[in-house]
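A.B. asks: Residues or ranges marked as domain 'Heme-copper oxidase subunit III family profile' by TrEMBL: B:4-261. If you look up TrEMBL, you'll see B:16-35, B:79-102, B:129-147, B:159-178, B:198-219, B:240-260 marked as transmembrane segment.
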Amino acid sequence: MAHGPRRSAACGILLDRGTNPCPLHRQADSQPLRHQGSPCFTIFLNIFTVGLRPVVSTEAPPIIFATPTKLSSNSTAYDYAGKNKVPELQKFFQKSDGVPIHLKRGLPDQMLYRTTMALTVGGTIYCLIALYMASQPRNK
Amino acid sequence: MTHQTHSYHMVNPSPWPLTGALSAFLMTSGLIMWFHFNSMILLTLSFLTNTLTMYQWWRDIIRESTFQGHHTPTVQKGLRYGMVLFILSEVLFFTGFFWAFYHSSLAPTPELGGSWPPTGIHPLNPLELPLLNTSVLLASGVSITWAHHSLMEGDRKHVLQALLITIMLGLYFTLLQVSEYYEAPFTISDGIYGSTFFVTTGFHGLHVIIGSTFLIICFMRQMMFHFTSGHHFGFEAAAWYWHFVDVVWLFLYVSIYWWGS
């Protein structure tokens, strides 16, 4: 559902309703894969990707991921460093386990949160001490 | 099981506003420690905690939107208003520096030799590197528009290609500016000319780096299939910011490089 160019000055800044009617961000309208090769672009991609798997089938996968299981085991699609993991991530993050979003991934989230909090709070205490010392008048 | 009967997003309690605020406190105090007591510990710590906060806050927003689906059209509208207002605040930020430039250059004082550029200042030739920089940023505006149209048409390969070109042009601009700074015959301490030149172009350069970073994030998200042809506000926000950076440069070029030489 593309929003094309508009005449008004607010040209596409504020959407009118209807571009994404579904509250869940489905991959229903994600891009189909194209297979026209471009050597220049391939070289660029290699910088970022581990490796490109060659095309075996020229068939584009279905746009609407009604059956995600069909895609997850499909190794014949033209891959840019891996398949689309969004559907499985959607399922993972939508588990109702009561865990807040910033800790939902478990251990790595917890470690990063604790590190950030420790550095920030510790730094604030150090800062207050440093400011207190700096505010003491220096004797000649 | 309770369900909300409105289309707004009630976020989970989050620690990032607190860590962000504390990191800002560390940054300001760190600047004081650096200026007056020659210590960079606090400042370095503040950059680290600030980066950690930004990474985790925006990671959470991606989780809430792409993975949990909380960004309804209503929520997206709020985000659009937010980004517009933020960019407007940045416009006002730059307005201040342009005001300072015009204040000093429209009526140059006798101390400057009564002329602009001031006596003794040899400004950069606007038809050399600055003109190349202008063409680089204008071209990047074209390539990002190409990327957006490709995205709306579902053309994955060309989105990646066009975004990559835009990022490369942004990095090229930054490198060119760095070399220009190195080669310039005047410094920031060369009177009001040096001050207005380097502070305004310096902040602009910082915004180019921020914009390039935003575009790199968009590139990575596009690689990971986050954007769809109908819903890609993160990309649109990056594109608006990039166009803003381009427009500021055009004002800079015309005012400081061209008229001011």
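Note: Cβ is positioned from N, Cα and C throughout, glycine not excepted.
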A.B. asks: Who are the chain neighbours of the transmembrane segment (B:240-260) in space, where the CB to CB distance is under 8 Å and they lie at least 6 residues beyond its ends?
C.D. replies: 83-84, 87, 90-91, 94, 98, 101-102, 105, 116-117, 123-124, 126, 130-131, 133-134, 137-138, 140-141, 144, 166, 170, 196-197, 200-201, 204, 207-208, 210-211, 214-215
A.B. asks: Which stretch from B:16-35, B:159-178, B:198-219 shares the most C-beta pairs under 8 Å with the transmembrane segment (B:79-102)?
C.D. replies: B:198-219
A.B. asks: Mean pLDDT over the domain 'Heme-copper oxidase subunit III family profile' (B:4-261): what is the value?
C.D. replies: 97
